[in-house]
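Below: one structure, written as structure tokens.
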């Protein structure tokens, strides 16, 4: 049998020990191991090494029926020898015939036997030695015990009053191994425990108060000692019938007001609080000197146990248990002290040393109380010439003889720990471990290290020489590192060549070749761009790389963040060394860095994008210092959007006239924020300010309040007299002579008709009253109303500039045909669609019409943003203030081919883990004849590949890809459409499923995995004692399924199989009442029932014949008694048949042979046996909660009761009640 390991007090497990008021634990950690630090490349034969223990012996507690094994294994060269010390005395297991010893180690074992084993109890240490030293193992203890025997205890019966407390002692056999105790009844069923009845940690069964239900005689204490079971029969309490009275709480375990516990850090501690009382007391725990940690403690046994798992020093303190019921309170205080066995805070390291070096072995340990640290060498006290201070062992000027295994031991009152560390003083010949002839490449200006790794004892020195440089010590750019490598910083092209590394005082050398390549240079860095919002921006990064290098990777960053990681796939278009932002927004401002990355160096250059726009309108417009003919206007500038304001435009509006128009009043420099405005008399003004920068004008500001100027001195509202009126005078400027047309009016306006279209008139207005005429007014020139222009421009022509731009020219219009003030020209541009759709031109249905306005002095206009490879027509008309004149004859033209727009759509489809199928639709603007498509995709570095429709790519299933698809015409490539994605992984059914059970169904939920293909599967389910069934087909993508058709209160086993492998399995029990199914046996088969019925009928006929024959065959000596014993069931028969018997009747029957003479069926015994047997016995096994079968079978009479038969019926007092069993079946 295997040996039983010693368990620490306070641990949990099959053999968890009981906690006593004073708890003392011990720990024996394993010592650390170390290895010789010799490089694996170093070539040496038969290198000796000190012993290192690799398998430690462990303490065991064993019985005579157990095997004993103490393990001790170690490595070393030469192989170590082993010896044992028991209780400080040499112990040779090979001399004990009962022990078997391993050949290759110090391990020995004892096979289980019936004889005594106490002679092997003790403390053991294993020593592993070779010529370089001795390593010592941990101390291991063997504790031997006799097999526990069944205690002979008398069955005890306790009689107590209901409501009193009772303790049933267990008294398990004494042992160092804590037993596992269970209280059971005679049927080996556990005694139900609750707040009233609880088993203590000492094994006793505690009743806080007893009830009548506790009365029983089969309380049994079952002790399990690690594979050894001891059953100790106990009695039980018997509750007497008395008046039940409530009782105050009293402590049952532990007793008294307080108790103390000492426990070691890292172990488990259980504080127990069992109290008596009626009603059962409620238990509460607190920490008196702090807050009770919910994360470090847990409660068990109905709050009767406070458990500390992996206790720490911070758990030291006072804890209190309070037991409360309606009658009172009682408390118990627990003083917990946590100390610690020794543990290492710094372990000494085994190391290789050269002669003459100084060795320091640091060994530090901690514990509570603080441990004492001592050193020994090969298990012998160290030489006095070696110093030990604060746990540090120092060896100066070590020699080969100092090679040994050193032991550091830490001891306090709880336990001791030991660790081995060897000092290996050795001389090893030097070797160069780096390969000869290694080729190094470096870019100009970078740093490179030429390796020359060496090893030896003492450490070898190396020197470097160059092919053209000679000794390299004097070169400031070259330095030799501690590991022997040559470091060259700021490499130049002249550094190329061969270098030699030599071990000093030897002929051991290697060479290395260095090739210095031209550094990567960015010849055209990104520019600092100023881009208006909504416009595209293009940053380029042209570079030059040494031809001997592979193609570089170009990485773009915005504000040091990789664009491919931090931006949307549609935001940026990266095409090799070009970065395109199609639609610049404010958030696109920043510094853009282009990194050209090669295997040897990185070149980078930065540009920037500054988003500019029209300025925001000025705010806080204020009028100050108002005067008769002036006012001061001030404002606050708005945001200039990175483009300084050049000037401010001040506009005014006269509010007294119906026709309100804003007119320019003044312009001021952009660095000013106020100005003084000159005003005219007798007018009402309001003002607004517009800011102007290089991009354009801002929106107007809010207008000011109205300000009115007073009238001039000679024009006032009193008119200086009565009869005031206006004298209006007018005449044509040309052709009407010096005479004036005059008309007087009281107030404006004056409308004059029949004056012609857009004729110039000289106009004067004079104020007049009864006193006379006012001052002579100055004349002004005015024009009559305008009419629509008469003619269209002539000689309209089109010059093609590019596929998207044209220049439109026309001849100047005759001024007399304008019939008004010439405002400009209107160009009507009609788009009829692409070149391939000529029917739109024939049908005269343009798909789009746009208009462009020109100034009056323009006779040429460049139109852009046209669609390439399209049919257009245009016409030009004249515009005056009245409106538009007739259009010129349409002039048709078509634009040449251009590059296409992006494809309309791009869809990614993954048929497998390594394939991606791309589906796309042609560009909505092909801009020419499409020649084909170009697809580029990115996975780390950019790779070009021409892909045709629906072509599959072999891809890495663990990578994400970005695809750039663009069409091309004869003029070149168009804009790309960009999509990012990854392949779809092969799907598998879910394996992490959450279950929610109902009465007849169970809900299964799971999370569908990303990128996994949908896969169908079945959910298999098995009812206990049933057959496997499966659900309908379920898809992995639906994430939810309800399995229906289950039976309530039943246990089921669920699983999912996929590809002949079970991926998931679980067990459930449905809710609701349990469905019971009575197993059908042969007794319920129809053939059996028929057979039994026939036998019963045959027996009944024979019995009737026997009764008749017996009643006719003679006289009964006690006729009255027989009649008195007739069963009530026979009484309906006429008593005359069993009354008087005549001699004649006896004579008639005497000669007849009896049916019973040759048959035993008619004997009294046979009849009695028949009456006491059941024709059919059916055994139904079911819960106690159910009654029994509906067949109405009578209970079998107990032995000793009077038997009854059809001839000897039971008396009313003896007749047993019938028990009816009703079986409930659920669907």
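Placed from the backbone N, Cα and C atoms, the Cβ positions cover glycine too.
The signal peptide annotation in TrEMBL covers 1-34. Among the features that TrEMBL reports, domain 'Ig-like' is placed at 51-144, 148-244, 249-337, 342-420, 430-511, 519-610. Among the features that TrEMBL reports, region 'Disordered' is placed at 610-636, 1118-1155, 1183-1218. As annotated by TrEMBL, domain 'Fibronectin type-III' applies to 617-712, 792-898, 902-987, 989-1073. Taken from TrEMBL, the feature transmembrane segment applies to 1087-1108. Per TrEMBL, the feature compositional bias 'Basic and acidic residues' maps to 1118-1130.
Computed over the domain 'Ig-like' (51-144), the whole-number mean pLDDT of the model equals 89. Highest Cβ pair count under 8 Å relative to the domain 'Ig-like' (342-420), across stretches 51-144, 430-511, 792-898, 989-1073: 51-144. Counting residues per DSSP class in helix, strand and coil order gives 6 helix, 50 strand, 38 coil for the domain 'Ig-like' (51-144). With DSSP states grouped into helix (H, G, I), strand (E, B) and coil, the domain 'Ig-like' (342-420) comes out at 3 helix, 44 strand, 32 coil.
Counting residues per DSSP class in helix, strand and coil order gives 3 helix, 39 strand, 40 coil for the domain 'Ig-like' (430-511).
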